[in-house]
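As recorded in TrEMBL, the features of this protein are as follows:
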| type | residues | note |
| --- | --- | --- |
| DOMAIN | 4-101 | domain 'Ig-like' |
| DOMAIN | 106-192 | domain 'Ig-like' |
| DOMAIN | 195-285 | domain 'Ig-like' |
| DOMAIN | 290-375 | domain 'Ig-like' |
| DOMAIN | 386-479 | domain 'Fibronectin type-III' |
| DOMAIN | 485-575 | domain 'Fibronectin type-III' |
| DOMAIN | 580-673 | domain 'Fibronectin type-III' |
| DOMAIN | 680-774 | domain 'Fibronectin type-III' |
| DOMAIN | 798-897 | domain 'Fibronectin type-III' |
| DOMAIN | 899-996 | domain 'Fibronectin type-III' |
| REGION | 982-1001 | region 'Disordered' |
| REGION | 1062-1082 | region 'Disordered' |
| REGION | 1094-1142 | region 'Disordered' |
| COMPBIAS | 1132-1142 | compositional bias 'Basic residues' |
Amino acid sequence: MNLPFWFTVEPQDTLAIRGNSAFLNCSAHSDAATPAHIEWKKDGTFMSLVSDERRKILPDGTLFFSHVVHSKHNKPDEGTYQCVATIENLGSISSRTARLSVAGMPRFANQPLPATARLGDSQVMACEVNSDLVAFIRWEKDRQPLELSTRLIQLPSGALVISNASETDAGTYRCLVENVGSSKLSDEAELQTVPGNLREHQLEFLVQPVSVTKTTDASVLLPCVATGYPAPRISWMFGDKLLEERYVLGGGSLQISNLTEADAGLYTCVADNSNTTIEAQAQLTVQVSPQFVKRPANIYAHESMDIIFECDVSGSPAPTVKWVKNGDAVIPSDYFKIIEDHNLQILGLVKSDEGFYQCLAENDAGNIQSSAQLIILDPAGPTSSAPRDVVASLVSTRFIKLTWRQPAEPHGDELTYSIFYSQEGTSRERVVNTSRPGEMQVTIQNLMPDTKYRFRVVAHNSNGQGESSAALKVATQAEVQVPGPAPNLQGVSNTPTSVSLSWDKPLTGNGEILSYKLYYTDKSVGKEQDIDVDGQSYSMAGLKKNTEYSFRVVANNRHGPGVSTEDVVVRTLSDVPSAPPQNLTIEVHNSKSIMLRWQPPPLSGQNGKITGYKIRYRKGSRRSESETTEGTQLYKLMDGLEHGTEYSFRVSAMTVNGTGPATEWMTAETFESDLDESRVPDQPSSLHVRPLVNSIVVSWTPPENQDIMVRGYAIGYGIGSPHAQTIKVDYKQRYFTIENLDPSSHYVITLKAFNNVGEGIPVYESAVTRAQSDPDVDLYDLLHAPYTPVPDPLPMMPPVGVQASVLSHDTIKVTWADNSLPKSQKVTDNRYYTVRWKTNIPANTKVKMVNTTNLSYTVPDLKPNTLYEFSVMVTKGRRVSTWSMTAQGTTFETTPSSAPKDVTVVSKENKPRTIIVNWQPPSEANGKITGYIIYYSTDVNAVVHDWVIEPVVGNRLTHQIQELTLDTTYYFKIQARNSKGMGPMSEPVQFRTPKTESSDKMANDQGKLALHTLSLGGSGGFPVHAAHHIPPEKVRRTVPLLHCMLSFCLFLCVLSDRKRAASKSSNGSHKYKGNSKDLKPPDLWIHHERLELKPMDKSPDPNPVMTETPIPRTSQDITPADSGLESNPHLQQRRPPTHPHVVKTASIGTLGRTRTPMVVTVPNAPDVPETSKMLEDVDSSYEPDELTEEMAHLEGLMKDLNAITTAP
């Protein structure tokens, strides 16, 4: 930074002891001859220490307190301090602020109380003092200092935790506060230890964690102490992640050191003793002190310039930033402005602005400062003359782009420029500077529409500011007057499926409001829809229950849609659930209890917040009873049941509106007697295997000891190892078929019984599957079964109820039901389903398929905004169903993923300041195109917001831009938009406007002869000039010859038409030949075979003026491209004009060389006989060789004619 002086030490927050001495350190280093003078501020005011005997500034700048004064009514030393360093004639800088706190008198809010601790259990001895003195607490046992450990810890409150108590912990305890002027002792309390009994007592917290705020790099202790029998085990969760035990201290408290932002979050202490689980939560907030991302830098500038000191900071919470100059706060004004959150802008520099500027950032975690110097330079030599040729190359509604040339006398190489501007009628100027030396263009932003401005440009060399250019007056473009936002948009839900909305008329309607468009979005889906509304209110029905919708309104006037309102979010009212809970399971615990577990109804069927669940149960066919649970409880232990009895259960969800539908009844039978579940089951008494080709049948018998609870069996299998796959089956099951195995392979199989304690001892077997050629039947069954012919397998019933649910722009979920499955719709056999899908696009008949064993499949990687058809079939062994009925779904729209293509720019005929832009839609529109944005600029590397924007509404593919600057290169880009947003921009297309205004007129004075000039598409046209004066007698002599030559030309044209007609039968009947793409036509294509050579009628006017070809005045008037002309807007076929027209065109030769544009006179369409009409329909294609030969003849004839008419 190279400042002449800076702080080497800044004050820090300090806790002082009343009556003791205290220091606040501060020191500054100076490169100047004069050392920096240090002063101090307290609470923002300079301190006067001249006659203060108790406080003084030491030679190095430190503020010294000989003894700190602090009482209840007099606290002169406590406060916020800041040191200020000053060098005469240079300026001042201020340090960071520091807080001086004074420790108060020790006061005990809680003191230790007599307590009893069971051996092996935990106990807490309380000691609570005022918070600023916790750091000064220590404990004594039997009046001796107590050494802390992982088993004996002191909590942030000062309390002592004794975990895993032993007999040595018995004694008298007290806490004391010392080193704060005077020590203070708490009451003594005796701790007794007693033997731990085996009787169960309630699990409870002795100390729970509390939410706390810390700064980065600090440490935190989250206390958690629990007691109970059996002894609890304490674990910690961070969010949903289990923390490692190495962070947990004795007794269960959590210690985290060197905190980072990533440590912030919700922590949960979980105490579990196998009978009960309890939880306690605390939020840890981690604050980050301010840090500089970008510090302010020194600035050297001349008077009248605008400068910006940049300052960027980070921190949590977000720091506040303020600026000071020479130690005094900078107050924002017309000349001092805070921009872009933290940067300081100074407008129109004057000499008194010199000095030191500091950026000070502060949040709850701390504060920092950084300095920079502003130096105003004096001119040291000749300055530059005025910049030349200042012009406005781009004019928009809110910005103007200026360009200029270098001054004639720059007096230097590295010139920079300042652009001064003001609104017409005001004298106050604003200034914008170029961003780099030598740059001779700038864009002035944030102007007012339809407003006149004055601009002048000044060059700066190393000696300072030079002469000003002459003032340039430019007016910004007018802005389309569309309505403003409709105020006071409100929405309220009247029923679970409807919302009423109302709004007021826009304050700035800019004319009559014709209608309103109401946009609404289901926030669970994200797709915005709209509806037209005539009034200022609307009631929308048919909405989803208990669903958030966002609404916004746009007013329309004759200019189009206006500014949208902000979104208003409304949630529809809740209702009773419309679907039952999902995945109900029943598990028999013992002879008197059954555990029920379930999942909530699907979100679409909840219709509100689930407040609880109702469980109905019955014994046999008796009348049912009911119980309820909390809304978040997804299980219920039904106890007090009769042993050996079958019970039925079903569950329904409840909201505040009532109870929804129930699940199907499910049954379970309690055990006849209670079995032992304090240990794992014994080994199964036997295991038998029977191998087939692709499967192995496993059968077994239960363990011999029937008094131990068995809840199921785990079957492990694999080639060479039993640990590859594991299957668990019910405790009642005695056999299982392992399927989908490889033939001729050696499998190892293991079987284990399990209960809630764990898995028992396994029993092993092995088997080799049969070879593929072996029949997949048992040998015994094959030898003893009577012969019966094998019937063809019956076909499976196809799946029913196929539905396609659209999830996003590229995924659709397909679901179905299988009537051949039981009501539970659980697949337990080896059947699988095949899902196939395709689009409805005729050109794309490709079908995709996938197999699944579930009753649903989510199809990924689909195209946006595309209709798909889905069907499903089921396969089980050799049995296959037919395809199901189809279901359809259209993926959602998303933003276009490709840019508009085939962008072309052409100049408008006879209007060189107007161009026409044409394009084709993007290949991947991903939705209905609702508009385009055309960007154009003279600088292809300019940032996007510096390009002029031309919006195009709807799906038009052409647009006209007017009032461009002559002889200027422009660049054009186009961006497509659909309901989801903007797509990518096209590559820039370059176009240069003509150098001068054109004036194409043809003279037709007496004695001059006008000849037609033809442009033969694709075959090198030629100009025919008739500009020479011809004497009357020569006219009489040459007119017969001219008639002869023109007749010969007509004969050649008809001859060529006949040749083409003859070749048409062999070349097909298409309108343009395949090689037309190689012979690109000019902008205005003239089909010469459709024109007739005809002498022009003489006009009574000696100088008749030919009218220009009509070109639409606005982009809306341009007719779209004829589909018969390959969709190219340049190849539109014009209707025969009612008056002669002059058309500019370029002819393209057979070798692709462009000739000079020529004038083509298009006469009125004559009445032609049927044969002529037939000739008009002949194919207009030309073979290049034919045309070259014909044109050579015609060109020779015209040269002869020109020689005759110019002969003396």
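For all residues, glycine too, the Cβ spot is worked out from N, Cα and C.
Whatever TrEMBL says is automated annotation, not expert-curated.
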Provide the three-state DSSP residue tally for the domain 'Fibronectin type-III' (798-897): helix first, then strand, then coil.
0 helix, 46 strand, 54 coil
Reported in the order helix, strand, coil, what are the DSSP residue counts of the domain 'Fibronectin type-III' (386-479)?
0 helix, 49 strand, 45 coil
Going by DSSP, how much of the domain 'Ig-like' (290-375) is helix, how much is strand and how much is coil, in residues?
3 helix, 51 strand, 32 coil
In the domain 'Ig-like' (106-192), how many residues does DSSP call helix, how many strand, and how many coil?
9 helix, 38 strand, 40 coil
Among the ranges 4-101, 386-479, 580-673, the one whose Cβ pairs under 8 Å to the domain 'Fibronectin type-III' (899-996) are most numerous:
386-479
